[in-house]
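Worksheet: one structure, shown below.
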Amino acid sequence: MNINIRINEMLRGIKKINPLIIIFFVILFIFIMALSVQRFLIFQIFYYDFGIFAHIIWQFSRLKIPIINHFVLGRIIFLGDHFEPSLIFIAPIFWLSSNLIVLSVQQGLMIFLSSIMIYLIALKSGLNRLFSILITILFITFPGITNPLLTDWHPEPTAGLFLLVFIYLFLFTKKKWPFYLVALIFLGFKESNALYLIFTLIWLYLISRKKDAIILGLLALIWFFSTIYILIPAISQKFYLYTPEMTFAPPQIYLNIVDHPQKLHYIFRSFTSFGLLPLISGFVLVPVVLDLLLKIIPLKTMFDNFTFGSHYHVYLGIFLTIASISALNRILALKNKTIAYSLICISVLISGYTARKLTASPINLFINKTFWTELKGPNQHLFDLINKVPTTGSVMSQNNLLAYLSNRNEDLILLTPRYENFNPDIILFDITPDQNANNHWESNWDKIEIIKNKLLNDRKYNRVKLTNPNYYLFLKRDVY
């Protein structure tokens, strides 16, 4: 009986779904998937970081402990770089297909499902369908959410979905074990995720389930310090690579912020991306402020980025979106609806201007003809080159080509004149002029002529004849 009742309730719920909402999410799905695969098709993804993550996940899918060649740490178990055991949950995608494009599809799917979670959280928080869709649009428009689709593959879009599921379960369900489980999986996507979970829990402590917030907060603290100071150094046999340069002197902190206009722009554009709505959100502003402080207080980090052009801003986008939901509820509670709707319209205009003129949000690609043209015309010449490479054997190549060869168990190494130190089975590079500089990152491109001539005279390697004279493929004679 209970099952029949639930099925009937689900069917009634489906009938209530507005067709326009379905159309909206279908269009959104198509656009997000287009964003996600476009760079893959035109060979603008790279070993750092798409290839290195693909190699980890591929090895997991073949039931192996992932080993990576890190450009600083050397050959290590992957947990010695970032502590990311939850990557194992993504491995089954390579049971469906060995084509690396599935990883791009997976990342796009995570962003799409995150947009659905935002819509559901907005509905549960009291917003109607129209304003829940508006919040979803603000979420997708924020460049910190969609830029990761244009910058290789990283765990943050997947982990961001788990963070949203955690928030939903914590706020709107009674059972505890599901959100405890989701919190653990979220922590496992990167050691620094412990900080973002703590930021979230401070807000949740102020409004709901204080005991659970404290328990999870303590768990996150233990996870953070044990991974950074014990586990990662023990596995890598080296120091933790990503410790920021910090100061706790108030005058230095102040000068470090105000003397760097890009940091001030970053703060300003974070709020204007959501039409300034988060400023009146109440307690939900806490994780937003803490996230911003985490990024702007350090004197220097290994990867300073204040342009939203990377994967470092996914969680900030989530916090700002949740804050905007709270702010919209506050505005809509005003008795004077004219004022309420006017404020919302102003916020939408501010957000639109920011996306169009200030942050170059990927949402602009929706009306960009070149983007859709490139989507229909993949770089077939380079795909043909990749298809000529043996499917087994260790590979040394440049940053872009190596990414497309990461679906193998053997070592992957960036190009170097000292290739004999690594003894690769396969060496591949492309000397076509005027390439994207990222193609050559950490690939010793200033020594490419030395590498080429050295290999041409190396009797251990045989050059494969290719139609394009700029393509060089060398195979070890005693292996192939």
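Using the three backbone atoms N, Cα and C, a Cβ is placed for every residue, glycine included.
No curator has checked TrEMBL annotations; they are predicted automatically.
Annotation comment: TrEMBL describes 17-35 (among others) as transmembrane segment.
The transmembrane segment annotation in TrEMBL covers 101-123 (among others). For the transmembrane segment (101-123), the residues of the chain that approach it from at least six positions outside its boundaries are 25, 28-29, 32-33, 35-37, 39-41, 45, 50, 53-54, 57, 90, 93-94, 129, 131-133, 135-136, 139-140, 145-146, 148-149, 153-154, 157-158, 160-161, 164-165, 167-168, 171, 318, 321-322, 325, judged by C-beta separation under 8 angstroms.
Beyond its flanks by at least six residues, the transmembrane segment (130-150) meets 21, 24, 28, 32, 35-36, 38-39, 104, 107-108, 111, 114-115, 118-119, 122-123, 156-157, 160, 273-275, 277, 308-314, 316-317, 320-321, 324-325, 328, 332, 344, 348, 351-352, 355, 359-363 of its own chain at Cβ-Cβ distances under 8 Å. The transmembrane segment annotation in TrEMBL covers 130-150 (among others).
Summarising the annotation, TrEMBL assigns transmembrane segment to 156-172 (among others). Outside the transmembrane segment (156-172), and at least 6 residues removed from its termini, the chain residues within Cβ reach (under 8 Å) are 86, 90, 106-107, 110-111, 113-114, 117-118, 120-121, 124, 145, 148-149, 178-179, 182-183, 185-186, 189-190, 193, 196-197, 200, 204, 208-209, 212, 311-312, 314-315, 317-318, 322.
Feature annotation from TrEMBL assigns transmembrane segment to 179-207 (among others).
The transmembrane segment annotation in TrEMBL covers 213-232 (among others).
What TrEMBL lists as transmembrane segment is 271-294 (among others).
Taken from TrEMBL, the feature transmembrane segment applies to 314-332 (among others).
The transmembrane segment annotation in TrEMBL covers 339-355 (among others). Long-range Cβ contacts of the transmembrane segment (339-355) within its own chain (Cβ-Cβ under 8 Å, at least 6 residues beyond either end) map to 131, 134, 138, 141-143, 269, 272-277, 328, 331-332, 361, 363-364.
With a threshold of 8 Å between CB atoms, the same-chain residues lying at least 6 positions outside the transmembrane segment (314-332) that come near it are 114, 118, 121-122, 125-127, 131, 134-135, 138-139, 142, 144-145, 148, 156-157, 159-160, 163-164, 167, 196, 199-200, 270-271, 273-275, 277-285, 287-288, 291-292, 295, 340, 343-344. If you look at the transmembrane segment (271-294) against the transmembrane segment (179-207), you find at least three C-beta pairs under 8 angstroms, all six or more positions apart, and that counts as contact. Residues 82-87, 89, 155-156, 158-159, 162-163, 165-167, 169-171, 173, 213-214, 216-217, 219-221, 223-224, 227-228, 232, 242, 283-284, 286-287, 290-291, 294, 315, 319 of the same chain lie 6+ residues outside the transmembrane segment (179-207) yet bring a C-beta within less than 8 angstroms of a C-beta in it. For the transmembrane segment (213-232), the residues of the chain that approach it from at least six positions outside its boundaries are 79-83, 180, 183-184, 187, 191-192, 194-195, 197-198, 201-202, 204-205, 240, 243, judged by C-beta separation under 8 angstroms.
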